[in-house]
Ligand SMILES: CC(C)[C@H](C(=O)O)[C@@H](O)C(=O)O
Ligand code: SF4
């Protein structure tokens, strides 16, 4: 059945099978491997212990992001500043040593291109359509926005890929997530991502690779697609794909690690063959009407706990499923919320604009548009953390840093920052944060921290009003 229509996932999979095993699993060739400081140290130790080399250092790229403080990295004289936390310093030193010893490309903490691994990959043109891409990090799903089959792996798999450039994998089921129509005023890719997770549930995508299709996705920038693919894992899916198109090619052309000259033309010709064939069959299909998506946010401690900003804190008793009722009760207690409270009546103490979900230039522009000419409300600490040094430089070239700083936001160095409590940027216990990141789990932003996931524009709206706010009341539709 050579001519049977195939999905994008099936095509990429078929092009990477090295060996099919009797139990149905396949040895899959891995084209790209991203490495960060948290999940790689034991993998390198394993290689050393077994006297192994990295098989394809040229297909491996390392960058520190999770542990790195986002305060100034050099003193006034330009000398590098030491990292205060000994554990972070040790992990960063280990990455520096490991990449040097094994001959791996390394964007170090002081390099202009340093940033969050999932911002850096696409930005450098390291992430390419039709490739298999892995990283010891769950949000590797982001890279699927460019049509790469990209997923997170554990540390032992990191070692396996370093040593062999392959992985033993079982096939996933496919789910089409179709979003059609025009997004309303004030509604962004983040709201689409939250709408999808709200609909699927945090486990709805388990066992599937999602493919995002439909006119809304087609019309979306790569930045927006990255936001959506990034959160695939929050719906339980291992990966999320967007078929490559002209938007993808325009984004990648000329990037430092993208193919050049005749190689580029050849690559684009291949990439054009990748989109799912008409009539290709998915194991499941979900459709969403873009016009029905409002600016959304989370109320609880799972990314599926989604409500429109015009809504209220739900009553746990309103959930049919007893497990969900119980979870909702616990969530409300943790979040310090009472059922029936209007979301817009909830005050915030912190605002975090950053993370691999929402720290690219378009995200910062959207937040700056709201911040422009306003001021962060009294008692609110607001951080803007660009996803990479290149995003930061671009934002500064556009004057966005001035807008943020004069509005009272802190303008930081790139890194994971307040997305997770692995570096000095933490939300104190009991404090509430409007955050553009992707996880609102218990303790995610610090022990006892309360997180509401929002879009960049909504985060800026919360910062300047001091409460969860409808961004549509703060910007004009022009
Ligand atoms: C630290 C890392 C392993 C982790 C992940 O896998 O995603 C982190 O990036 C996260 O977002 O929780
Ligand atoms: S920004 Fe957050 S979600 Fe992304 S890799 Fe870092 S810790 Fe994970």
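If you go along the chain as it appears here, the first residue is 1 and each next one adds 1.
The backbone N, Cα and C atoms fix where each Cβ goes, glycine too.
According to TrEMBL, the feature region 'Disordered' maps to 63-83. Only residues 6 or more beyond the boundaries of the region 'Disordered' (63-83), in the same chain, are considered here, and those with a CB under 8 A from a CB of the stretch are 34-38, 89, 91-92, 95, 106-110, 114-117, 120, 383, 385, 412-417, 420, 422-425.
Summarising the annotation, TrEMBL assigns [4Fe-4S] cluster binding site to 356, 416, 419. Take the CB of residue 416 ([4Fe-4S] cluster binding site) and look out to 10 A: across all protein chains shown you find 31 other CB atoms.
Break the region 'Disordered' (63-83) down by DSSP state and the numbers are 0 helix, 2 strand, 19 coil. Sequence-distant neighbours of residue 419 ([4Fe-4S] cluster binding site) (same chain, 6+ residues apart, CB-CB distance under 8 A): 352, 354, 355, 356, 435, 437, 438, 439, 444, 445. Apart from 356, 416, 419, the [4Fe-4S] cluster site neighbourhood in this chain, defined by C-beta within 8 angstroms of the site C-beta centre, holds 65, 66, 116, 118, 139, 354, 355, 357, 359, 415, 417, 420, 437, 438. The DSSP secondary structure for residue 419 ([4Fe-4S] cluster binding site) is helix. Within 10 Å of the Cβ of residue 356 ([4Fe-4S] cluster binding site) there are 27 other Cβ atoms, across all protein chains.
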